[in-house]
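Feature list (source: Swiss-Prot):
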type	residues	note
ACT_SITE	99	active site, acyl-thioester intermediate
ACT_SITE	392	active site, proton acceptor
ACT_SITE	422	active site, proton acceptor
């Protein structure tokens, strides 16, 4: 059996990434305060359809993702179809794979095209850290169910008497691993200590990310892939990511205290991604259909891979496991790539993965390879800045990475690019795209 992955349909046609679009990314409780993930998803899909000048009835499937779920609208994909003027018969379902969610939605649409069941679909993801499903304590939740069953006033009074004042306090969603209780920041601290990553190196990577992102925006490179978002009640709009430190100086990073290990830590708010609101989407077609409709795709999917590791120690190593698998399936080595886009959840996590890419010992012990994945050439790495600067709406990051690397490859005359991310649950994702 060949290790090569055939990302084509039965006619041998590649899967075309026709276009990609996202909202600006905004820090929690700023420009998108009060705007749900669903509303941002509808916003970006509507604009994607408008810019593509494609009849919405041509869309055969929409797969969309969300990490911080809205209990009132659990199938965000279907709600987007119903709220954007798309044909009501358009198939739609939702996925979630933590920070790799829109990698998954993209692959799901691609695989539907590969089977020949359809030719055109939309994939993406959205998350809001400003509109959250605020819960209640377990004791109050239990009491509310009992209250619903109680018949007499006396029974209801007895239920209320079981509750203390602290039981009535709202419970925000945990930004932590369910099975371990560890937050992502605590995991990043683990990785900084395991791989001896200094505070100075973390701050330097964050400074690089913000500096490059500022240069990218100022050069107008993101104009085609970031829409202006008008926020209800439509008296204001946002047309640029608002987390980027446009006057970043390396010295300023040293002033912050560690956020997760106050005494011995090195992970700070400045070398981590903030909680972020935003949405993104890509339009996918079979190569033949794209050409028949007159589109020039921004890229084609060459290979992809998903992996999983244990969650107790250094679980944000997903790129180091998924990348070699995606490379193998593409018949490539790391040095063959033109560009590399790695999700920067934390500077510590990013640097740990970069270190393991170059480690022969890691390759032998963890991957069963006789050579390292390869040392990353920084002239190819996150050349437009990364998540540390742009921000990270969990489900939207994957399609941001894919769209961004395709457009940059296009500007450079083509080539191959890697988009890769770690994700909660010890998950990893990688996708290789080719651009003509």
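Quick reminder: no glycine exception, Cβ is built from N, Cα and C everywhere.
Structure coloured by features recorded in Swiss-Prot.
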| residue | record | CB count, 10 Å |
| --- | --- | --- |
| 99 | active site, acyl-thioester intermediate | 31 |
| 392 | active site, proton acceptor | 27 |
| 422 | active site, proton acceptor | 33 |
Spatial separation of residue 422 (active site, proton acceptor) from residue 392 (active site, proton acceptor) - C-alpha basis, Å: 12
Cα-to-Cα gap, residue 422 (active site, proton acceptor) vs residue 99 (active site, acyl-thioester intermediate), nearest whole Å: 7
